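Some notes on the structure that comes next.
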Amino acid sequence: MMTKTFGALLIFSAIQHAYSMTSQGRTGHGLIGYGIDMYKPPCAHACRDTISGSQLACSMVMSSHDHMFMKRMDMSGEVMTEPECYATDDVYLQTLAYCISTHCIGIPQWQLEKYWATYAVGRDEGQPIPKETYQQALAKISDAPTEVLVSGEPLNKTSLVDEEEYLANYNGDASFENAEIHHERYGIVLLVTGGAIPIATSLLRFVPFPSAWTSMFNAYFITPPTFGSKHNVPIFNIFHMPTRGQALFILYLIIINFVLSFVSLDTTTPNAWYATVHEQWSGYLGLRVGVLSFANLPLLILYAGRNNVLLWVTNWSHSTFLLLHRWVAWICTLQAVVHSIMYLKSYVESGDFATEVKLAYWIWGSVATLSFSLMIPCSAYPIRKAVYEVFLLWHNLLAVFVVVGCYYHIICRFQRQWGYETWIYVAIAVWGFERAMRLARLARNGVRTAKVTVIDDDYVRVDIEGVSDSGHAYLYFPTLTWRLWENHPFSVASTVLGSQALEGARKREETADVEKSGAVSVVKESGSSTRSAVAPAKVGLTFLLRLRDGLTAKIRNHASLPVLVESGYGSHESLASHPFLLCVAGGVGITACVPYLRAHPGRTRLLWGVRTPGIVEDMAVALANIDKEVYIGKRMNISEVLERELCPVEDAAVVVSGPNGMADEVRVAVAKLGRRGFKIKLVEEAFSW
């Protein structure tokens with residue numbers, strides 16, 4: 001979907017040329033403090049700031065019509081000084097050189113010469129260099145100057161700078177750059193720890209802690225919902241309660257973002273940039289949260305992707321990262337809103353709001369902030385559940401406006417001087433990698449034909465010949481809808497086709513339900529079976545689909561149809577270290593359990609609840625040699641059956657795949673048993689959004 005909408009970048013890039021820049025300068029590479037210097041050495045920059053506003057012999061007097069350009073060039077009052085004037089005026093060059101020589105004690109000469117060649121004239125791209133070097137200009141001063149340059153007066157002889165004005169400029173330059181370095185540094189901290197902590201905590205699984213300790217720790221601090229008994233089932237149909245393990249990392253994200261928003265906002269006085277300490281601190285805070293919001297963008301996109309590299313190197317689930325995606329979105333949005341409010345307040349108080357609000361950078365920044373703010377309510381669970389495809393379209397469109405708005409907010413304000421756009425490049429790179437991986441997975445399988453078999457009123461089977469993979473896959477049915485990007489995840493039920501044609505007797509014991517309706521049964525099967533004939537097997541993938549409104553409802557009306565298969569997701573965690581494996585499945589959740597049951601070397605058992613018997617018959621071959629108990633039309637008592645199955649064993653792994661309510665019941669029951677000293681590992685297989 002975003003492959004299409006991100007094409008809007010090309011359209012927006014044409015629009016931005018209609019707007020003038022509010023700041024121009026040389027292109028920087030990296031981030032401030034990490035490849036980009038703003039005012040180093042500050043002593044030399046302060047010297048230039050102190051004298052550059054004075055009228056030189058070659059300066060031009062502006063008419064009132066030209067005052068609108070004053071912020072784009074070195075000007076004071078009605079005087080405009082071109083770069084060529086700075087580069088050739090002897091008095092300016094000698095005054096600057098003398099100031100540097102008396103204030104930059106201990107700075108290496110090469111560094112001063114570098115500053116001189118780069119910044120003595122200004123910051124514009126392609127500007128001329130001074131007609132002489134720093135040492136040459138200094139050598140031309142025969143007598144040390146004695147007169148102090150008065151602010152606003154013409155500079156017509158080599159002069160001393162006003163020390164109070166110099167100090168204010170020095171403090172302004174040095175303090176601002178120091179704050180900017182901390183902004184970028186803390187942004188890097190957010191980005192790095194947002195990826196490193198999941199990796200580090202996942203590596204703990206390789207540390208040989210006693211299994212009893214691990215199980216007890218998980219039962220108290222990782223597995224249960226933070227509060228109550230619901231995790232997959234939303235609270236009030238709005239909010240998903242994180243598990244305690246998830247809550248610990250979410251708490252870290254909240255705390256680190258809050259703390260890094262306020263630390264190292266050091267102020268200095270006197271300061272030429274700000275009139276008061278409060279104004280200075282507020283300005284730094286506005287910049288800090290703006291940079292942190294930018295730094296969170298790559299994490300926001302990374303956590304949302306199904307080709308998230310963290311999924312490959314950690315044991316964290318996709319549903320966990322989607323939950324983190326939503327929390328980071330809240331943080332990122334709040335930071336953008338605070339950034340906007342701080343600058344709105346500043347410009348209103350200074351009287352510049354009416355001018356600034358018309359500038360391109362302000363408009364694009366407003367687009368980004370408003371898009372962020374709209375995404376939060378438009379992504380609420382009731383909306384996602386009711387109109388998921390509409391949500392997806394709207395969500396991705398707003399995401400494009402966020403990224404484009406952030407990018408042009410920077411470009412129209414600073415061009416590419418200070419590297420703020422680097423955060424946007426990283427975010428786009430993360431998104432681009434994720435989408436490229438999707439295309440690669442699709443291209444690997446090409447266009448296939450899906451054969452549809454109706455099992456009963458609730459389920460259909462989809463067989464796709466010629467594709468081999470495991471885990472789960474995202475299926476696209478381009479002929480069923482105009483939304484060609486629409487896809488849905490399904491677990492692979494089988495990697496061999498044709499094995500459903502089982503004939504022969506199965507050793508089965510059926511016990512009728514004692515309820516009066518007689519419509520409910522429990523089927524118990526041993527782990528042995530007799531096969532008389534099996535159809536020739538073919539390589540392919542089999543999926544079981546629960547019929548719902550929308551795409552799956554349309555599938556049952558076709559015997560075959562074209563399909564694109566984006567496969568290779570969700571490798572199954574090895575549970576071989578646990579001697580007993582118990583799988584609890586509900587409906588088509590059985591497809592996620594089968595690979596675990598087949599791969600486990602120890603004793604296995606399946607508890608499976610289904611609405612109708614059709615799916616049980618369809619899965620008969622796949623489950624033929626598996627010890628199982630099937631509940632047809634009957635709701636199993638989760639806590640009771642888990643107590644019964646797990647009490648006799650010393651060490652077990654429990655895999656659950658089914659409806660949200662079932663998964664939550666299993667989670668709570670496993671946590672309770674773990675707190676009683678049972679050694680249990682829980683694995684939840686679920687698709688959520």
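Cβ coordinates come from backbone N, Cα and C, glycine included.
What TrEMBL records for this protein:
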DOMAIN    290-406  domain 'Ferric oxidoreductase'
SIGNAL    1-20  signal peptide
TRANSMEM  186-207  transmembrane segment
TRANSMEM  247-265  transmembrane segment
TRANSMEM  285-304  transmembrane segment
TRANSMEM  324-344  transmembrane segment
TRANSMEM  359-378  transmembrane segment
TRANSMEM  390-411  transmembrane segment
When counting C-beta pairs under 8 angstroms to the transmembrane segment (247-265), the leading stretch of 186-207, 285-304, 324-344, 390-411 is 186-207
Taking the transmembrane segment (359-378) as reference, the highest number of CB pairs under 8 angstroms among 186-207, 285-304, 324-344, 390-411 goes to 390-411
Range from 186-207, 285-304, 390-411 with the greatest count of C-beta pairs under 8 A to the transmembrane segment (324-344): 285-304
Count up the helix, strand and coil residues in the domain 'Ferric oxidoreductase' (290-406) according to DSSP, in that order. 101 helix, 0 strand, 16 coil
